[in-house]
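Swiss-Prot annotations:
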- LYS229: ATP binding site (BINDING)
- 339-400: domain 'S4 RNA-binding' (DOMAIN)
- 42-51: motif ''HIGH' region' (MOTIF)
- 226-230: motif ''KMSKS' region' (MOTIF)
Amino acid sequence: MTTIEESLALIGRGTEEILKLDQLQARLATGKPLRVKAGFDPTAPDLHLGHTVLLNKMRQFQQLGHQVIFLIGDFTGMIGDPSGKNATRKPLSREDVLANARTYEEQVFKILDRERTEVRFNSEWFGQMSAADMIKLSAQHTVARMLERDDFAKRFGSQQPIAIHEFLYPLVQGYDSVALKADVELGGTDQKFNLLMGRGLQEHYGQAPQIVLTMPLLEGLDGVAKMSKSLGNYIGINEPAIDIVTKTMKIGDALTWRWIDLLSFDISMAEAARLKEEVASGELHPREVKLRLARELATRFHDAATAEQAIAGWHAVVTGQGDTGLLPLQEVVVPAEGLRLAGLLTAAGLTPSNSEATRKLKERAVKIDGEVVEDPGRVFTQGFEGVIQVGKRNFARVSLVTG
């Protein structure tokens, strides 16, 4: 049986802040399963590793015997979360929100235990709420309090517009906790204002206020900015295993430890500390630690056999040894007249633009089947198949087909 101290150690791993820790201890002491909530607005069709920081923490609560609520903000998604934004977000259509929500449902059970998960939509209660009810909810907070939020304060100070509906978002998110009778709510550090709103509203409606647990925002592949699709520094959980492995192996050595802390189930805190000491002493190469993390992530989102195949393919390319045929085949559609090499590199996702492709070619940083190529105007047509490599770690096994 897990003790309260052991539970708190697992819950606290990677956590930025717990409000209030004494209340969490008291609720754990009752022995009753807690209702642990995290909300996700379906603003894009796929989840990435940044989203899984919260999902991983939810999974840990499940391992301790608690019930988690994966809340899909199909209603709030149409408002648009203003947290951390310097301009009003464009609301999504109902159709976009529902389409994205369906993909979320398919993806979350790669991490969460289906038996201990409630999937809920906040349109369940907001779809029934009248205009009068919404006005009553709005009366629970003041404009002055809203302007204490850093993002709103900055926009107000710089005379950037703040739409009235953006003030509603924290209230609506907070009311979700009332509707779900949440004991704990998880969120990123940028969500703290909204999470605390839930505590206040629960007290107003006669409920015990939820414990707030904030998680750090995961740095993306660049090791600097928050992981984001718009920045291109992300790993999607639906990506091919070879992409998960390749991208993970590209991250900086310092970022590896951060990712282990927030993303790994297999490497305990004690083992991570030991591995760090071995790397510092030169006993262990940091690449081996990174490879272990890459294997774990590829296995989690695919399976062990697929992960090993991806690692073998990655190893074959970076060392020039082994069977590159183990790499998954990526089809690229080309016109009947073919595609110039610079365009091919871009179409295969190996460079962000033709100009960048041309620059890489001039640097002699491009290989096809192990041979350096330099001519950006070289034409490739249907039927070509080969391994194209840009730099040391960016590669793809490509087959050209006509549309």
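Backbone N, Cα and C define each Cβ position, glycine as well.
From a predicted model like this one, the values you see are computed outputs, not experimental measurements.
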(Q) Looking at the motif ''KMSKS' region' (226-230) alone, can you tell me the average pLDDT? (A) 85
(Q) Can you break down the domain 'S4 RNA-binding' (339-400) into helix, strand and coil residue counts using DSSP? (A) 16 helix, 22 strand, 24 coil
Q: State the count of C-beta atoms found within 10 angstroms of the C-beta of LYS229 (ATP binding site), not counting that atom itself.
A: 15
Q. With DSSP, how much of the motif ''KMSKS' region' (226-230) is helix, how much strand and how much coil, in residues?
A. 0 helix, 1 strand, 4 coil
